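Beneath this line is the structure, given in structure tokens, with notes to follow.
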């Protein structure tokens, strides 16, 4: 059976939904797992172009202009974000500098530039051969842009220095404030929305015939399709030798290319369980030295001291910045532990069907892990910035400790573990409810023509 309806497959449960037009302030949510599918946007390509150009200008200003002017006993330093990363590199902390530079400068910059290029190409009305490749890169970069975390790191660093030196806020910090709002606004311009613009202008296919009994939704561009190649049973990697609850054999995994973006096409993520466990267990091992070893070393003419993550929280609390102390404690202690616990729960229970309500809660848990993952990088950003801010020869010096690299690796590994997990597997334990028609896979809303549940923004 095939259907020519324009449909969207939920990325968290794989339920099919007929696309519908939204009004201002509305968002379409999955009727099966309650995940947001897409949101109304009134911006056209020209508006997105202007917004991205403004974001690029403020990003360059915020990254390369001084964050603050810091005065101490006749000496002055005026570090920018870029100079802070280079300072760490110059100290010999190459891994830490590379890691911080990627997530705070280069990956966000490329994320803006690639989307800017894609919008320009769409406005010209002719797609080059590498258009699909660039959009696949955009889809991958969206998880690795830590602009909000960097801004919070700037605030925490300046607060820590407030009682030690005279501070004057500089243009870089003010530009980063504007960047926060602009960058957050551009996050809605995802790779899938760019594919939608391309389809709207009839530059690419909008839909292809598919079978509701044997379809795959491309994780890169979102196109729902039925693969034409034969099933490759050698790629069944999610404990395929075991049966699902109820004696249902796991569905074979297709290995071919998407007909629209030419990206790899898989029914479910290959080797999901083993890869997620490996990444998470490695992160847990590194989390121990990240909390016990010093995060940074402070040297003055009369003393030298080491500071751990928890010690930094205590210092913020004792200095009167209880609000920032709580934020750092949550980002550095609570968030990593929560990610470990949540991923463990999901991995141990993804094959156990306990009903729709419980599975919805598991899906919400996974979405939470996706959202909070990047915030643990806060302490690493703070160490890098403070090292550049405290560069007063003969007066003070801050050196990144061994825990900084370990903690940064923990953040990266847990983010990779979350991306490796496939939440759709949790819904595979029940019979596919969309086998007859896509509209049967969600709870119809009598006020919506397509049946999608709609929420006001």
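Heads up, the Cβ atoms here are built off N, Cα and C, so glycines get one too.
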Tell me which range among 144-163, 204-223, 224-243 TrEMBL lists as transmembrane segment.
-> 144-163
Leading contact stretch, 47-72, 92-123, 144-163, 324-350, 371-392 vs the transmembrane segment (169-191) - CB distance under 8 Å = 47-72
Interface check, the transmembrane segment (92-123) with the transmembrane segment (371-392), three or more C-beta pairs under 8 A | yes
